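Listed in TrEMBL for this protein:
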TRANSMEM  26-48  transmembrane segment
DOMAIN    41-162  domain 'G-protein coupled receptors family 1 profile'
TRANSMEM  60-81  transmembrane segment
TRANSMEM  101-120  transmembrane segment
TRANSMEM  140-161  transmembrane segment
Amino acid sequence: MESANHTGIAEFVLLGLSDDSQLQPLFFGLFLCMYLVTLLGNLLIILAVTSDSRLHSPMYFFLCNLSFVELCLTSATIPKMLVNIQAQRKDISYRGCLTQVYFLMIFAGMDNFLLTLMAYDRFVAICQPLNYTVIMNPRLCVLLVLLSWLIMFWVSFFTFYS
């Protein structure tokens, strides 16, 4: 009878940027500032697009969705990194790592999908200017974004469970 290795991984050790404890506050402040600027910038874009009725066009609809995805993408990783820097810990649980990778895949894929949709929107606006409002109607825009979310949820899900 052959015995198999049944050890499990409980956590990963993250090497980080530097082992120098004097640089940790500098890294924390730098990443915190960049995170807050990213949050504020994307929230301002969402607020501007939703509050001004002149910006209710397909291009700004996609831009608003892109800002939301960027908020989610940065919020999937940076807070954990800030906690680890502040607590002088360099570990992440196996489940936490898988969860972070799952959401990173979703939001990075959505980023790409939304940039593609924005390119298609500009293509239609340039190549079919007279049919633009008929082709890029609000219903199609919402459908394209929802389809993108659905595809990314399924791709990320089946990546882990295949």
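Using the three backbone atoms N, Cα and C, a Cβ is placed for every residue, glycine included.
The helix, strand and coil residue counts that DSSP assigns across the domain 'G-protein coupled receptors family 1 profile' (41-162) are 105 helix, 3 strand, 14 coil.
Of the ranges 26-48, 60-81, 101-120, the one with the most Cβ pairs under 8 Å to the transmembrane segment (140-161) is 101-120.
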